[in-house]
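K.L.:
Let me begin by handing over the structure; questions about it come next.
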Amino acid sequence: MAGAFLVTMVGYGAIYSYAAFADEIAAEFGASRARVSLIFALSGGTALLVSAVGGPLADRIGARPTACLGMTIVALGLLTASSARSMEEVIAGYGLLIGLGVGFSYVPAVATVQCWFAANRGLASGIAVSGVGVGTALVPPFADLLTTFGNWRTAFTICAVLAMLTGICGALLLEQPPERVGLASAGRRRSRQPPPAQATAPAPVSASPLRSARFGQFYCGTMLLSVPVAIPYALVVGTAQAIGHSLLDGIALIGLIGIGSICGRFVLTAIGDALGRARVLLSCCAALAASMLIWATAGTMLELRIFALIFGACHGAFIALLPSAVADRFGSHMLGTVIGVLYTSRAIALFAGPPVVAEAIAFSGSKVVPLVGVAALGALGVVLLGRALGTGLVPSSNVPSPPARPSPRPAPYPDAIAHPTASTGG
């Protein structure tokens, strides 16, 4: 978990720290606000799209080298941006390279955690991805403080060195899936004998789970639910200003979303482990979609704050429990591939959702109808995700059976219990 926490903190901390320098960069290169904001969307969207490559690569060569590669690319992106002579070079360094690096590191780190935990998989996932929240909260102000040593270029250079050191340390803490090192989920040793030599070799990657109807439901459901997930970060500040509040009041709503998200990643994931991860995930997704209706009808700052907290908590649980639900339903084999391809659906929603909804609000002159439409898309996503989660367990070929229990009577031969034939399938 510590490795995944550090990797996600560095990756998304780098993405979100751009906001601290956006105005200074725009002033130096004479770029418009729209062009500057493109960098943030490009880095986040690229990270999700590249997950479709990073996940399968981790399944083939391991999470550790893949995440090390990703953290190196993040540092390279910061260095490229620090020496940029034009806005295009900033876009290439910060928008593309950092997004590419996060895409190679995020899914391998998250998938590794799912493989190592079974009973408390939801909470473990929540702790791991809380690095995103910590990185979002701490890295931007820290990066801004670095400008005391110079300007934004100096800050980017220092951040590149720190990202390289911290990110590589986190990546090196990632382990192979437990089945490859003779352990069951959560570190329980399966056998007193060393694992066979072939157990340490990367498993071949197969596309069979990706061709199943269940994965199609997962993909479409996640894409539809990711539309309401992406909208508030882009538009809720404008809503606050539209009802007469200041820019700082609007930015404070983003902070409340972050607070709610942290609560969701810890509290709701623990509840999911106790009551059932699929049930709690679907409940949070339904509440997330319904929160759009609160936003649509909100006319005061109090109502917007209530929306921000509810949305944040549900969003945090969604981000943490989704990979756990995938692991529960598809098993740990080629999990990086499954999660990586699944996350491209989130990229589609990130690229398409905010601009389409913003245009709809501008065209209609009101946020009510567009946000009700977003809520409807989220509700449809809940239905599809519910079908994917409720169509039975994973095929027996992918999910190992529970570990064999030794007989209460002494076995006639010691080897009779020395090699249990199954694991818990983390």
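Cβ atoms here come from the backbone N, Cα and C positions, even for glycine.
Here's the feature list from TrEMBL:
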COMPBIAS  400-413  compositional bias 'Pro residues'
DOMAIN    1-390  domain 'Major facilitator superfamily (MFS) profile'
REGION    184-205  region 'Disordered'
REGION    396-426  region 'Disordered'
TRANSMEM  38-58  transmembrane segment
TRANSMEM  65-84  transmembrane segment
TRANSMEM  90-111  transmembrane segment
TRANSMEM  123-143  transmembrane segment
TRANSMEM  155-174  transmembrane segment
TRANSMEM  218-244  transmembrane segment
TRANSMEM  250-268  transmembrane segment
TRANSMEM  280-298  transmembrane segment
TRANSMEM  304-322  transmembrane segment
TRANSMEM  334-356  transmembrane segment
TRANSMEM  368-386  transmembrane segment
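Walk me through the surroundings of each of these features.
P.N.:
For the domain 'Major facilitator superfamily (MFS) profile' (1-390), the model's pLDDT averages out at 85.
Using a Cβ-Cβ cut-off under 8 Å and counting only residues 6 or more beyond its ends in the same chain, the transmembrane segment (38-58) has close neighbours at 11, 15, 18-19, 22, 66-67, 70, 90-91, 94-96, 98-100, 102-108, 111-112, 205, 334-341, 343-344, 346-347, 350-351, 354.
Here the transmembrane segment (155-174) has Cβ contacts under 8 Å with residues 2-7, 9-11, 13-14, 17, 21, 63-64, 67-68, 70-72, 74-76, 78-79, 81-82, 105, 108-109, 112, 143-144, 146-147, 149 of the same chain, all six or more residues outside its ends.
Panel annotation: around the transmembrane segment (304-322), residues 122, 125-126, 129-130, 132-133, 222, 225, 229, 232, 236, 239-240, 243, 253-254, 256-265, 267-269, 272, 277, 280-281, 284-285, 287-288, 291, 294-295, 298, 342 of the same chain, lying at least six beyond its termini, place a Cβ under 8 Å from a Cβ of the stretch.
Within the chain, the transmembrane segment (334-356) has long-range Cβ neighbours (under 8 A, six or more residues past its boundaries) at 41, 44-46, 48-49, 51-59, 63, 107-108, 110-111, 114-115, 177, 203, 205-207, 209-210, 215, 218-220, 222-224, 226-227, 229-231, 233-235, 322-323, 326-327, 374.
Non-local neighbours of the transmembrane segment (368-386) in the same chain are 217-218, 220-228, 231, 281-282, 285-286, 288-290, 292-293, 295-297, 353, 357, 360-361; each lies 6+ residues outside the stretch with a CB under 8 Å from one of its CB atoms.
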K.L.:
Test of understanding: applying the rule of at least three C-beta pairs under 8 Å (pairs 6 or more apart in sequence), is the transmembrane segment (65-84) touching the transmembrane segment (280-298)?
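P.N.:
They are not in contact.
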K.L.:
Determine which residues of the chain contact the transmembrane segment (90-111) at the Cβ level, with the cut-off under 8 Å and only residues 6 or more beyond its ends counted.
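P.N.:
For the transmembrane segment (90-111), the far contacts come to 3-4, 7-8, 11-12, 14-15, 18, 25, 29, 38-40, 42-51, 53-55, 57-58, 63, 66-67, 69-82, 84, 125, 128-129, 167, 170-171, 174, 323, 327, 335-336, 339-340, 343.
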